[in-house]
Amino acid sequence: MTSQGPDTELPLLIRAARGLEVERTPVWFMRQAGRSLPEYRALREGIPMLQACRTPDLVTEITVQPVRRHGVDAAIFFSDIVVPLAAAGVDLDIVPGVGPVVASPIRDRAAVEALPSLTADQVPDIAQAVRQTVAELDGVPLIGFAGAPFTLASYLVEGGPSRNHEHTKALMHGDPQTWDLLCSKLAAIATTYLRVQIEAGARAVQLFDSWVGALSREDYVRYVQPHSAAVLAGVADLGVPRIHFGVGTGELLTVMGEAGADVVGVDFRVPLDEANARLSGRYPLQGNLDPALLFAPWEPLERSIDAILDAGRAAPGHIFNLGHGVLPDTDPDVITRVVQRVHSRSAR
Ligand code: CP3
């Protein structure tokens with residue numbers, strides 16, 4: 001270690017998230033655990049996704065695999081944004097190649113009122129999985145996560161993945177009170193899920209609002225921001241950095257930051273120096289290599305990595321990541337090489 005002082009005890013990820021000095025840029029990848037890894041595919045063979053997510057030994061092993069293989073600076077807890085909904089009692093499944101599919105879409109007041117809540121005692125396996133994963137990680141920080149109210153609502157209202165979110169927007173604008181009730185309930189579920197992970201040892205959390213880029217800024221501020229803010233405020237007392245990320249959010253970066261993020265996640269569409277300017281230099285940033293570039297030849301890929309590291313220096317802190325999740329057919333050796341490049345190029 002080159003720098004001195006009490007903060008050097010903290011993991012790189014936490015220091016970067018707090019805007020503290022780092023000796024190199026920390027790196028991890030959204031969806032680093034998953035189908036890009038042959039050792040993951042072997043473990044998951046014949047085990048449905050939701051069942052895997054509720055089996056602590058499997059969760060631990062899958063979460064640790066990418067840390068072992070790639071030498072990333074953080075692990076992301078292996079779970080899914082719909083796990084807390086299923087644990088609360090919502091009838092849903094995760095269909096391979098499709099995503100979450102809900103048996104009865106929630107589109108009216110009665111269905112929203114019937115949506116169950118989640119208590120920590122419904123997910124003892126999640127707390128156990130976090131505890132044993134943290135032990136196994138031996139100092140590498142674990143990031144917990146939850147889906148933000150809008151993205152969860154979209155799956156529940158549409159009944160599955162959606163391109164246009166038409167039923168979701170119809171409910172939002174057609175019956176704002178029911179919409180707000182739905183999102184308040186989802187915010188409470190997400191908060192419980194995050195608190196369980198933090199109390200069991202997660203050192204940071206990420207709130208994924210993956211599909212919020214489908215909204216105008218005006219709709220975001222009126223219909224979504226208060227609910228995401230409730231989740232982020234609901235874990236503030238636990239003192240871990242809160243990362244907030246969505247896709248296609250160039251026009252929403254400031255209002256997502258103002259929802260209460262400590263770190264703003266940026267997708268690949270906005271360069272980090274530009275994102276930092278939009279955010280008035282107020283937040284450490286996370287991002288933002290286009291996951292499709294992992295399929296490009298090394299030279300242009302390396303140029304993109306270097307450009308992101310340079311642009312990231314504009315911000316008060318930078319955590320290197322992709323601009324969205326690792327694609328399933330990605331060559332894992334390329335991911336390892338990206339980690340090595342980030343580490344060597346960013347060494348101070
Ligand atoms: O490494 C990690 O990032 C941790 C694991 C993780 C998963 N889902 C595992 C998973 C995380 C952080 C998520 C979050 C998640 N789930 C989000 C937010 C992040 C994002 O990508 O925007 C969203 C929108 C979902 C909903 C969801 N679940 C989708 C879109 C899919 C993919 C469907 C498919 O098969 O292509 C899932 C299923 C899922 N979640 C898989 C994994 C590893 C694939 C399941 C399988 O292999 O059977």
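Here the Cβ of each residue, glycine as well, is placed from N, Cα and C on the backbone.
Note that TrEMBL annotation is computational and uncurated.
According to TrEMBL, the features are:
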- Arg31, Gln32, Ala33, Gly34, Arg35, Asp80, Tyr155, Ser210, His324: substrate binding site (BINDING)
- 26-35: domain 'Uroporphyrinogen decarboxylase (URO-D)' (DOMAIN)
- 143-159: domain 'Uroporphyrinogen decarboxylase (URO-D)' (DOMAIN)
- Asp80: site 'Transition state stabilizer' (SITE)
How many Å separate the two farthest-apart Cα atoms among the substrate-binding residues Arg31, Gln32, Ala33, Gly34, Arg35, Asp80, Tyr155, Ser210, His324?
23
With respect to ligand 1, which members of the recorded positions Arg31, Ala33, Asp80, Tyr155 satisfy a Cβ distance under 6 angstroms to one of its atoms?
Arg31, Ala33, Asp80
Might you list, by sequence position, any residue in that chain lying six or more from Tyr155 (substrate binding site) with a Cβ less than 8 Å away from its Cβ?
Ile81, Val82, Leu92, Gly99, Pro100, Val102, Pro161
For Arg31 (substrate binding site) and Asp80 (site 'Transition state stabilizer'), the CA-to-CA distance in whole Å is 10
Report, as a single number, how many Cβ atoms besides its own are within 10 Å of the Cβ of Ala33 (substrate binding site).
23
Over the domain 'Uroporphyrinogen decarboxylase (URO-D)' (143-159), what does the predicted model average in pLDDT?
98
Cβ atoms within 10 Å, counted per site: which of Arg35, His324 has the most, among these binding-site residues?
His324
Three states by DSSP: which one describes Asp80 (site 'Transition state stabilizer')?
coil
Using the alpha carbons only, what distance in Å do you get between Asp80 (site 'Transition state stabilizer') and Arg35 (substrate binding site) once rounded?
14
Per DSSP, what is the residue tally for the domain 'Uroporphyrinogen decarboxylase (URO-D)' (143-159) in helix, strand and coil?
10 helix, 5 strand, 2 coil
Inside 10 Å of the Cβ of Asp80 (site 'Transition state stabilizer'), count up the other Cβ atoms and send me the figure.
17
So, in DSSP terms, is Arg35 (substrate binding site) helix, strand, or coil?
coil
